[in-house]
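Enquirer: From TrEMBL, for reference:
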{"type": "TRANSMEM", "residues": "B:23-46", "note": "transmembrane segment"}
{"type": "DOMAIN", "residues": "B:28-87", "note": "domain 'V-ATPase proteolipid subunit C-like'"}
{"type": "TRANSMEM", "residues": "B:67-91", "note": "transmembrane segment"}
{"type": "TRANSMEM", "residues": "B:111-142", "note": "transmembrane segment"}
{"type": "DOMAIN", "residues": "B:121-178", "note": "domain 'V-ATPase proteolipid subunit C-like'"}
{"type": "TRANSMEM", "residues": "B:154-178", "note": "transmembrane segment"}
Amino acid sequence: MTTPGSSYQPSTGGMETFNIAHGFVESLVRGMRNSFLSDSDYHHLTQCDNLEDCKMNLGETDFGPGLADESVLTPTVLQSAAISKLSTEFLYLRSQSVAPLSTFLDFITHEYMIDNIMLLLKGTMSGRDINDLISMAHPLGLFKESTMRSIPTFESNAKGYADLYQCVLVDTPVGVYFSKFLQETSQNLGSAGEVRNVLEELGAVVTQFSQYAPAWSVHTSGASKSIDDAFYERDVHQLELAFEGQMHFACFYAYVKLKEQEIRNLVWISECVLQNQKESINDFVPIFSQHAPWRVKNQRR
Amino acid sequence: MSTCTGTYCNAGWSEVLTSMSPYGWGSMGLAFGLSLSVIGAAWGIFLTGSSLVGAAVKSPRIRSKNLISVIFCEATAIYGVIMAIVLNGLMKKPEGGIEDGSFTDEWNWSAFYFAGYGVFSSGLSVGLTNVASGVAVGIAGSSCALADAQDSSLFVKILIVEIFASALGIFGIIVGIIQSNSCQFPYDVAA
């Protein structure tokens, strides 16, 4: 990773020079792209009657080795096994990369670091044990053990957060993002619900923008899909497009995000199997699916 | 502009160029032809090779099949070697026509200069086309490895693209050989 003070950024290179530094890592991530569950894998999973069947079906996929040691499969076990697999793959890519790709990959981890900090802060506010919280943290956004233990020790007020930033966060890669944020929003941490309420109000405005109109119409039509699903679907479409071109960095970001979606799919399916909710088991967004709406539309043309 | 009258002044470009030995031009042509071809080949090989080894991590089946892309790049260097041998055959050490270390008046100067410039230019023709060909084959080969790893039915289709990229270098060597055909350096007054 480049030091914050240095302004020198090596070029990513064009078609003729990209492969000098990044060709190997790029083809690695494209190899991993092969490991996404196929339409038939999803079909078999949705036919399962219990989680034991699910485990057997997953045994033939890339998830097989990670699940082999687990005696009992639960959605939580499945999720943590899948996340640790993603994290292993990502760290392998990171270890093979050089600047500026390595910096780009570090930026991808910043999101998880921020999530982990918020998890620790919110968790301690609701009185949870720090050891539990650390075990829940996303493996891609981990800090040093001592850093993570010191985050919840500050008081939950404006001064406490300022101290937290000065003493701990300023030394982490994500410190810059917190310098203003923590002081301003000391009272209302994590307002994802509010964002959603604002979205509801702005629905009429959203339809004015052609790229978001389809997602909103899904919401208003009152179909089984929620607006979250509609946006996930749009995400998957956009992220799949990143693999259409060669010699750029977008496919690294797209890979991580599509794997996240796949993990959401697996958790959804396993929850539905566990609770025997067969009617909603198909409400997930498959990745590189031949039946995706945008592919079906293109085939018809 | 003042007229230069000193001993070491030259009378313009015609004197500069005629003062340079045609053997020098010919040898430079050979050197450029070979070195640019090798640069093109090496460029193509690292473009293809880095993608090939990366893609072979997850799908090892592609590794032998896609060596053909590397061979296509290597062919570019071989064109340069062939051309260098052909051009070298045209250049001979003079056996006559030299007295006291300099050429006599009977020496065939026009053939001498014709050969020098011809060999230089044909070396450049081959070298520059081979750089373009090598890079083109390399980029196509890199995409070929990635595509084959995803879907093996794409291999043959992209291979055809590679063959066309490789044909660019053949154009260069054909023209280079025709160009150099009549460029025999004189090696004696009678020749």
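Backbone N, Cα and C atoms are what each Cβ position is placed from, and that goes for glycine too.
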Enquirer: Sort out the residues at least 6 away from either end of the transmembrane segment (B:111-142), same chain, that have Cβ-Cβ distances under 8 Å to it, and list them.
Expert: 18, 21-26, 28-37, 39-48, 50-52, 66, 69-70, 72-73, 76-77, 79-80, 83-84, 87, 90-91, 158, 161-162, 165-169, 171-173, 175-177, 179-180, 182-186
Enquirer: Can you name the far-off residues of the same chain, 6+ from the ends of the transmembrane segment (B:154-178), with a Cβ under 8 Å from a Cβ of it?
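Expert: Distant contacts of the transmembrane segment (B:154-178): 33, 37, 40, 62, 65-66, 68-69, 72, 75-76, 79, 82-83, 86, 122-123, 125-126, 128-130, 132-134, 136-137, 140-141, 143-144, 147-148.
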Enquirer: Could you put numbers on the helix, strand and coil content of the domain 'V-ATPase proteolipid subunit C-like' (B:28-87), residue by residue per DSSP?
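Expert: Breakdown, helix to coil: 56 helix, 0 strand, 4 coil.
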Enquirer: Do any residues, 6 or more residues outside the transmembrane segment (B:67-91), come within under 8 Å Cβ-to-Cβ of it, and if so which ones?
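Expert: For the transmembrane segment (B:67-91), the nonlocal Cβ contacts are 23, 26-27, 29-30, 33-38, 40-42, 44-45, 48-49, 52, 115, 119, 122-123, 126-127, 130, 133-134, 137-138, 140-142, 144-145, 159, 162-163, 165-166, 169-170, 172-173, 176-177, 180, 183-185.
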Enquirer: Determine how many residues of the domain 'V-ATPase proteolipid subunit C-like' (B:121-178) DSSP places in helix, in strand and in coil.
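Expert: Across the domain 'V-ATPase proteolipid subunit C-like' (B:121-178), the residues distribute as 55 helix, 0 strand, 3 coil.
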Enquirer: Looking only at the domain 'V-ATPase proteolipid subunit C-like' (B:121-178), what is the model's average confidence as pLDDT?
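Expert: Its mean pLDDT is 95.
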